[in-house]
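Pasting the relevant annotations from Swiss-Prot:
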type: SIGNAL; residues: 1-22; note: signal peptide
type: REGION; residues: 27-53; note: region 'Disordered'
type: REGION; residues: 72-93; note: region 'Disordered'
type: COMPBIAS; residues: 72-81; note: compositional bias 'Polar residues'
type: CARBOHYD; residues: N115; note: N-linked glycosylation site
type: CARBOHYD; residues: N139; note: N-linked glycosylation site
type: CARBOHYD; residues: N171; note: N-linked glycosylation site
type: CARBOHYD; residues: N216; note: N-linked glycosylation site
type: REGION; residues: 316-349; note: region 'Disordered'
type: COMPBIAS; residues: 329-339; note: compositional bias 'Basic residues'
type: DISULFID; residues: C366-C433; note: disulfide bond
type: DISULFID; residues: C395-C465; note: disulfide bond
type: DISULFID; residues: C399-C467; note: disulfide bond
type: CARBOHYD; residues: N459; note: N-linked glycosylation site
Amino acid sequence: MAGARGLLCLWLGCFCLNLAQGQRPNLHLPGLRGTESSDRMTGGGPSPDLRPHDKVSEHMLWLYDRYSGSNRAQATRTPGSQLPGPQPLRGGNTVRSFRAAAAGTLQRKGLHTFNLTSLTKSENILSATLYFYIGELVNTSVNCPESQGCSHDSQRQHIQIDLSAWTLQSNQSQLLGHLSVDTAKPYRDSMSWLSKDITQLLRKAKQDEEFLIGFNITSRAHELPKRMLLFPEPYILVYANDAAICEPESVVSSLQRHRDFTAGTVPRLDSHVREALSVERRKKRSTGILLPLQNNELPGAEYQYKEAGVWEERKPYKSLQTQPPEKSRSKKKQRKGPHQKGQTLQFDEQTLKKARRKQWIEPRNCARRYLKVDFADIGWSEWIISPKSFDAYYCSGACQFPMPKSLKPSNHATIQSIVRAVGVVSGIPEPCCVPEKMSSLSILFFDENKNVVLKVYPNMTVDSCACR
């Protein structure tokens, strides 16, 4: 017993001495070594079994947040994920995404096919990038034994990825070009998306009107896993400058043509992407209702209601009635055309007083006035992802002589107002209240092939008004 007690005291003394010298006893606990090796292999990132989300929609939403001034990019990005950094538009106004179709077979090679028919003749390709996922290849690396003490820099794979591009036709296929990518990256899931510039390939394909192309992804020294070729799909981002976007009614020609979308055919975004979009849509909506004033005066300020049921609760009109014809009316009034409306809205006294009060407050001169456009009201909400509505504003008001400097009249508008006021020449109208400065609007939508597109449309929001 005394001998055992002495050995115990000796062991405790050595243990305390090691702690004092900064050394740690080597305690082999079961299960920790396997976890440590796994973390070293993956770089502490997510498990390789975790499949990334819909990167195409997520990447396009990131670009929309960037070019529309939104602050939701961090909310959209999922924890532990990292989007490939986009390149600037460089003077362009369009970003198109193309999702790869199911892998096919061409000369016994797996292909990722892309349908580029959405590219228009007016769109000049500035740059194009192919994004593809190799996370499963990177994370299935050779495990570094703990006994060798491998450093972090040595845990790298230098694998050459070969990309062969093909133009696909009905009866034959033609090689478009070869590219290579070096995957000299650490073992982290955040680095498992690779990208390659394919600008010249797509320019050549567009010039030759070859809009169906395929990419074959192979490795020289390693066999790519079959699962990589199936999910997640590669995608292409094309940055372009649309020369026709400044033409009259360009926003209508590029957006209204998607009316062939039927219910249920519009693609659905990933759940976390839809949640990020819903942050903006949950903002309180205000509806401007212009009251009929039964004269030719300028419309008053709009009514804005915070709740949907306020208008019905207040009951500003009594009923929709048909006015009986008066017997004392002259035949001339009775012979008015059938286009004349026989129904008028009967407003209560409280509503009319409020309308008159707002008319008095409303500036009579040329000014910018509020207008909110909801794409659902014009039937475009099915294919427009964001924004669902925007503040367009409009210009209205008088440009009468003498015009103050605040109306910023042009020299021609000043002379025109003087001639009209003097009355030397009859029939001269007063200058018009028109937009002076306007700003662009970024719109994210689905094209006819159900690919996500970002376009920056100019002159969509009125910033200031002037007399011209």
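Cβ coordinates come from backbone N, Cα and C, glycine included.
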State the Cα to Cα distance, in Å, between C366 (disulfide bond) and C399 (disulfide bond), rounded to an integer.
6
List, in sequence order, those recorded positions among N115, N216, C433, N459, C465 whose Cα sits within 10 Å of the Cα of C399 (disulfide bond).
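Within 10 Å of C399 (disulfide bond): C433.
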For N216 (N-linked glycosylation site) and N115 (N-linked glycosylation site), what Cα-Cα distance in Å is obtained after rounding to a whole number?
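Roughly 15 Å, rounded to the nearest whole number.
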On a C-alpha basis, identify the one among C395, C433, N459, C465, C467 that is nearest to N115 (N-linked glycosylation site); the candidates are the recorded positions.
N459
Other Cβ atoms within 10 Å is the metric here; tell me which of the disulfide-bonded residues C366, C465 scores highest.
C366
Test of understanding: give the count of other CB atoms lying within 10 angstroms of the CB of N115 (N-linked glycosylation site).
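Result for N115 (N-linked glycosylation site): 15 other Cβ atoms within 10 Å.
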At the level of the C-alpha atoms, what whole-angstrom distance separates N459 (N-linked glycosylation site) and C465 (disulfide bond)?
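That separation, Cα to Cα, works out to 13 Å.
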Would you please pick out, from the glycosylation sites N216, N459, the one with the fewest other Cβ atoms within 10 Å of its Cβ?
N459
Can you tell which of the disulfide-bonded residues (C395, C399) has the fewest other C-beta atoms within 10 angstroms of its C-beta?
C395
With an 8 Å cut-off on Cβ-Cβ distance and a minimum sequence separation of at least 6, pull the same-chain contacts of C467 (disulfide bond), or say none.
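Listed in sequence order, they are C366, C399, M403, L407, K408, P409, S410, A413, S417, P431, C432, C433, V434.
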